[in-house]
Structure formats: structure tokens, C-alpha cells
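Per TrEMBL, these features apply:
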DOMAIN    126-450  domain 'PDEase'
BINDING   HIS200, SER201, ASN202, THR203, HIS204, ASP241, ASP355, GLN406  AMP binding site
ACT_SITE  HIS200  active site, proton donor
BINDING   HIS204, HIS240, ASP241, ASP355  Zn(2+) 1 binding site
BINDING   ASP241  Zn(2+) 2 binding site
Amino acid sequence: MADARSLAVRGALPVLQQLKLGRCTVEIGPAEAQALNHLLGWLTEVALPDRSRSVPVPLEMDDESKYMLDGYNEHFSQPEPEYKRGQALGPPLSSAWQDTILLVTVKRLGSKWLAKTLASKKTKGSTEALSAELAETVFDWSAFDAVRINELSAGRPLEVTAHAVLSKLGVVERLRLNRAKLSAYLGAVERLYKPENPYHSNTHAADVVQGVACVIDCDGLVSRLTDLEALALVLAAVIHDAGHPGVNNAYLVRVVQAPAIVYSDLAVNEYGHLALAFETLFHHHEYNFFADMPEDDWRFVRRTVVELVLGTDMAQHTKDLASFTSTAKLLGGDFGTWEGESRALALRFLLHACDISNPARPWHVCREWAARITRENFEQGDKERAQGLQVSPICDREKANPLKGQLVFATLFVRPTWEAVGLLCPRLSATALAHVGANAARYEKLLAQGLTDIPA
């Protein structure tokens, strides 16, 4: 068997050979046409790496919706740094994030700070109510509520949700992972998240972990994944926003923050999450459950986690959506026949789908997370205004229409993503898309009433 790229090349080869021989008219069947189209897509990616990553504006869209879509495209883009000659390079982040990035990439400064952070904020004790809630909902897309799990777990929803998922999947036993170290590591990663972030918090991470659990379980994908792939997918969800500073990549680049310098403006947050999470794992013996795994296994998991977390950068959304869709159409819905790069692409895209899935959940969950991301965006906009920067459109509390923005995001980003997920996971996709449709209708109804704010 071969991966999607090899199949495309192989399928297109007879046609290319005839063209090479100077035959101007070549008979092309459906299979060859599909292979050529797929190969052309990849060649376009290579030849035109700087093509627009923006979501195009539908012709029928009203002006306010266009403004919000332009805002999203700008929010997820990679801007040029904004600073004047002689200006200080932005106020340094007084957070775990900057200290740890410098720790990992420069001289491992701040180790005392990291140890203090990892040791702080420990909470104890799951209750019977928590155990019952997780048992009933951890693989139920429509019933799970990470905010409720946060309340029942005394502020540690990520640790308890990840434990429940990994236990039910059985990978801890089959891979003979060191349970004590794994448990300690999950708790340590949870403490790296900033609870003051309205959106990018340990509760959001728990929500994404449960989302990937549903992806693995719902359509029988679990029987097509290796245990190492399942572990990598869950672990990537656990760490994907660790230490998030509460501002996006564009902001860090514009004000030339230290992480943007370290990572040369590329996927600044995502590289930071990875560095922080793996620093915590490798440099603390009591957390390093990798140490008890065969080297080939843990290196595969680490490599896969890196690939998956980098795929949560929204700047990759349009490209990854197109790549996954074309690959799934070529290889078909049986993931067991996928190999090599195609499998990594699928896992990367599925994690991304779960990361942006709030509009694909029931209304009470969708509404809660819409309010949280709006609050976090507005806090970033306040920082931009205070620093004399142009305020990002979706972060401007004086101009943005949060209801319209959520409608645009649900219909132009989330819906196409979950339609693509349906090529591998049709049952889960149908459930998610039903929620997207219902939530979009709610937003439209509220907008028709002249409202602009997310309802309480």
C-alpha cells in the first residue's frame, strides 16, 4: 500500500509518459483524471507556497459579515511587525510562557520559576458525581460539558478528562505506560494553563480532549488507529494550548514579543506550547513516562504530537482543509488503508476540527464558549489600543458584532471543516453539523432582533 501522494503520482504516470512522448491527444479516464487533479493540487502547493490562506468572501454576504470575515482572516494571518525606530520591542510577557520559551531555546533560564509553577495550584479529590458524569459523557459528543467538569473536579478538568479517555481506550495498559508518571505529567501540564484566560484555559483543553475521544470512538476509528497514534492524538489535545498567553500569534508578531523573536514569527504560540510541554516532560523525572517506553515508540509519539499541535495554527486552516479533503476523496473512508504522511495529515486535521468545534456542540455549550472567546478577543483589543496599535477587527469592542462574528465563523470555518470530517467519521460529522445548523439559526434569529452581544 502507498500513501495518497504516491497513489496520485502512480495514477497520473501513464498520462505523463504519453505527454512526454509528444502525444498531444491523450485519453484520460476518470481514475487518471482524479489522480492528475490530486497531483496538481500538491504541485500547486509546492510551486505557490505563498498563495492566500484566507477564506474567500461569498458573493451574497452583507457588508457587516464581510467586515467580520475580513477580521477573522486578519486575525489568523501572519502580519508584519509594527514598531518604530528606537521603540522598545513590546512589553515583555510576565508569564510562564515567555520565561519558559527562553528557558528552552536560549539558556534554560527560569528553572526555579518553572519548578514553582509546576508545584503550585495542586487540588485534590474527584467525587462520585464527577466519576458518574465522566462515565456517562466522556464519549458522548452532545452530553459532555467541560465547564461542568471543571466545577466538579475543583479546577482540574483536563487531568480527569484525559485520565478517563486514556483509561477507556486501554492504551495505558497495552503500551505498559508508567501510570504514576503519566498521572503526574497530566497534572503538571494542567497547571501550565493560565486559568485567568477566558478561553484558552485548561477547561478548553479538556473540551478538545473529549472531542478527540469522540472522533476515535464514534465511527470505529479506534480499530483503525494504532495505540501509539491514539496516545499521540490525546496527548496533542492535552498540551495543544499549554501556557497560552491569551493573545494570538498576530499580536505577538506585531509587537515583537520575545517568543516571536525566538520562533521567527512562525506559529509562535504553537511552538511555544510544544516547547513548554516537552520541557516539562523531559526535564522532570517524576513526569517522564516516555522514559519507560521503547525509544522508537516515544520518538514516534513526540514527532506526531509536534505535527498535530502545529496543525492547530489557524493560519493553516485553508491549506489543511483542502489537503485533507482531496486526500480523503482519493483514499476513501476506510482509514485502515491509509499510510504514511496521509495518516499524520488526518490526525492533524481531526485535532484541528475538535479545536474549533464549539459551534458544533449543543447551544448551551456553544453560547458559553462564544462568550469566552469574545471576552478574550476584546481583552487583546484593549491591549492593542493601549499600545497605540491598530485594533484587530474582531477584537475591537467598539466596532465588532460578536453575534455576527460567531455566525460567520460557524458557517464559513466550522461547517466546511466538519463536512470534511464526514469523509472519515460520517456519524459524528452528522451530529456536529446538526448542532452547527441549529446554532447558526439561533444566531440569525438573535441578529434579526437587533442584538449584537452573545446572550448570557
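Cβ atoms are placed via backbone N, Cα and C, with glycine included.
Locations of recorded TrEMBL features on the structure.
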residue : record                : Cβ neighbours (10 Å)
HIS200  : AMP binding site      : 24
SER201  : AMP binding site      : 24
ASN202  : AMP binding site      : 27
THR203  : AMP binding site      : 27
HIS204  : AMP binding site      : 25
HIS240  : Zn(2+) 1 binding site : 29
ASP241  : AMP binding site      : 26
ASP355  : AMP binding site      : 23
GLN406  : AMP binding site      : 29
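Taking the mean position of the Cβ atoms of HIS204, HIS240, ASP241, ASP355 as the Zn(2+) 1 site, the remaining residues of that chain whose Cβ falls within 8 Å of it are HIS200, ALA205, VAL208, ALA237, HIS244, THR312.
Note on the domain 'PDEase' (126-450): mean pLDDT across this stretch is 97.
Residue annotation for AMP gives HIS200, SER201, ASN202, THR203, HIS204, ASP241, ASP355, GLN406. The furthest Cα pair among them is separated by 22 Å.
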